[in-house]
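*Asks:* Following this message is one structure expressed as structure tokens.
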Amino acid sequence: MSSCNSNPSLFLWVPLVSVYSWVFVCLSLCLCLPLSHSPVGSLAKPTIAVSQGTAIEHREGVSFYCDTKDVNITIYWVSNNHPLKFDERMWLSTDRKNLTILTVQREDAGTYQCEVWGVLQVQSSNPTFLIVYYGPDPVEIKLEPGVPSGEAVEVIEGSNLTFSVETLSHPHPDYSWFFSNDSKPITSLSSTTSTFTLHAASKEHEGLYRCLVSNKATNLSRLGALKVRVLERVTKPCITSPNLNLVENASLVVLTCQTSHEGVGVQWFLRGQPLLPSPHLVLSADNRTLVIHGLRRDDVGPYECEVWNWGSRARSDSFRLNISYGPDRADITRGPASEAVSTIKAEFNSSLTLQCRAESQPDAEFHWTLEHSTSVWTGEQLIIEALTWEHQGTYNCVAFNSLTHLASSASVRVRVMGPQLSQSIGAITGITIGSVAVVALATGLACFLYIRYAKGSSRRTTEDLILEARTPTSETTHPAEPGRNWPMPTYANVPNTQEQVRVKKVLTQDPPGEFHEKESSSAVHGGYSRGPRKPQPKLASDPSVPTLPKGNTESNYEVLVNPEHNLYCHINSSV
């Protein structure tokens, strides 16, 4: 094999080991590596020095120096086994031996090395360490279990609380805990760690918790604070309303969800579903008050309100509104039938049930009347056990609500069907009774007239009328009985028509000069009573009739019952 020096050669730099370690490879007609026959000597191991091994962040700087005896070399800096990335906070000398970090930051902490690069060799120093002190950073206190709510964290009464502090600091800081509320001054707690636990939280544990975090290396301290609100476990609320007498379309009702808890959420439910606000149903800003405008009958509910916090919730009992309305349109049905009727035909002597109904709250009062009758019946039903003709007519039902002061009415015509009679039984009975009464009255009157007439005729018999043979002679008169109104006959030859006359009658068959005479007794028993009488004499067959005065031409005459007597009497025409 020929020597490399005697042949043309091509030299290339090829990285094989690391960023700063190179192997020279000679490429020529005969390939050779200059490892065993190096033209130069070996590199010495460099050393590194640091101005200080610890530094405080943002307050101090650090300088590194790479010491080497070799010449014709290049120095590279390595941090944490990676090539150092320079920025404006760093300064590097021209010969690259001095590295200065003007302001140290926490990310500058770690190991530093310098590497010496020769033509064929690389040498690295031993690492040196830089410690950076920093913190504490701003302190954040966390609480478990707890729910942030504004500036405070809410916890449930009776729960166990764990406080913890989160912050970045090197070296490890010291912790001091403090508590204060409205009733207690700042109290130092026994814990000196980043966490502590509080058992069975109560209202007394509600307040402000502080934690002081101190770094002795940096001489810095940070204070963190957390406000804790202890929530009671919510109890059942209740719904109240100041409105008692509610009327449809005329009332506005306000419902209030009453609870003793502060800071709780309130939600309303209607018929078991979340209530959706509307112009008809208006909620207050805190949801504790519900206002119902233009009350309707379907707003009765039920209503419920629920109070809650993040750890507990409770719902009220159902609340219903008592809304008065109606009565709506009244209808009359025959019995329990559902169809309203205006006319009903029913058989005579059958039973009939009329039912009046009207939607109303509270239930309406029902009053029944029959045309041309003053009777009033109450109740939803009107029951007629046996129909008669008197039950026929128009029935009117009035439904009245005493709370809304509204009324509604309906009417039905009832026709009684039966035998074809022109008049009712009552009318027939009345006519029959009236007819009997008229007949009885007429019969009594006729009997009365007949008796009076018979008595009057008996007073004018031959016993009472004794006529002289020629000229009758007037006798002493007696006044008639007072109070007697019936007309009495008056004779033509008697001047006073209101007096009875005693006359003598000539008996033609007896011997002359012998007379029988009868005088009327005193007026007793109506003036028509008679005393003892003698046997009646026979009258002459042709008695002499006295001549009537000429001036009495207009007098009325009546033929006596016994015409053979040929006697006439004068009847007074005016009583």
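Cβ from N, Cα, C; glycine included.
In case it helps, TrEMBL gives these features for our protein:
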- 12-36: transmembrane segment (TRANSMEM)
- 39-116: domain 'Ig-like' (DOMAIN)
- 136-221: domain 'Ig-like' (DOMAIN)
- 237-322: domain 'Ig-like' (DOMAIN)
- 336-413: domain 'Ig-like' (DOMAIN)
- 425-451: transmembrane segment (TRANSMEM)
- 464-497: region 'Disordered' (REGION)
- 509-554: region 'Disordered' (REGION)
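Could you give the neighbours, burial and distances for every feature on this list?
*Replies:* Per-residue confidence over the domain 'Ig-like' (237-322) averages 91 (mean pLDDT, predicted model).
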*Asks:* With helix taken as DSSP H, G or I, strand as E or B and everything else coil, how many residues of the domain 'Ig-like' (136-221) land in each class?
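*Replies:* Grouping H, G, I as helix and E, B as strand yields 3 helix, 44 strand, 39 coil.
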*Asks:* Using DSSP, tally how many residues of the domain 'Ig-like' (336-413) sit in helix, strand and coil.
*Replies:* 3 helix, 42 strand, 33 coil
